């Protein structure tokens, strides 16, 4: 109950004094207070007590985009206006900590950032010249997918003794020293070091449509952008993904006639693996899916993948800007 409502046991006892120190007065079937409006926040590091009002996005969310999107609910303020109270993270460390902070923030933090709605872990980390792993270690409640990051609460972006790293500027920097390739910022986490072509992921993009648009397979895309994951749930919006590496030659569909002599004029280029007895074609546009094509041509997905074997059983290898078979 407390975890679901982001309340501590101490708060719960204070708001419901009748339950007693050992909660012996807690009665099944009764309602209890789990949030107090406009309550003065204690002078220790504050923990947001309100519940997020939106779920974190998946896939193309704002750059850590992801997946997808931070909770926009604000932690309970100390007054009607925005919180202005400060306290010390750890008594005696001499560092002033603004409140409210992200839940479970580390006690030796010496630099803070007020998270805005739409911010993502990766973009904050990039802004302050730290790794995503460090940001998540100092703000553990954000979670590996960044779904627990609070808007309008302070996150830790440096700890005592941490050596400052130059903050990446808008100017592209070499992916790997000496390879002569400029890399735009920010990039997907753990991007390969020998990338020579980049794509800025937009909200709504998927690994499959990016791969298709750039003439690569989904397997290649996830190998070059491993943080996206096999399900593509870790793909960040507003961050650059790798769509080619040094030495890679993108493949293109080879225009070939369906079957010379069958009397059917075949447009080109066609999907790899298309059947030779096709009589009806559909041109695949950027962003098209197998589901959309089958619906507009009133055919089953089973027939579509049978007539266009190159798209794969999960439709992750369909080429944009080429023809598919939609009737035999």
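Quick reminder: no glycine exception, Cβ is built from N, Cα and C everywhere.
TrEMBL lists region 'Disordered' for one of the ranges 104-124, 125-145, 146-166, 167-187, namely 167-187. Of all ranges given (230-250, 251-271, 272-292), TrEMBL attaches the label region 'Disordered' to 251-271. For the domain 'LysM' (280-326), DSSP puts the residue distribution at 17 helix, 11 strand, 19 coil.
Confidence annotation: the domain 'LysM' (280-326) carries a mean pLDDT of 88 in the model.
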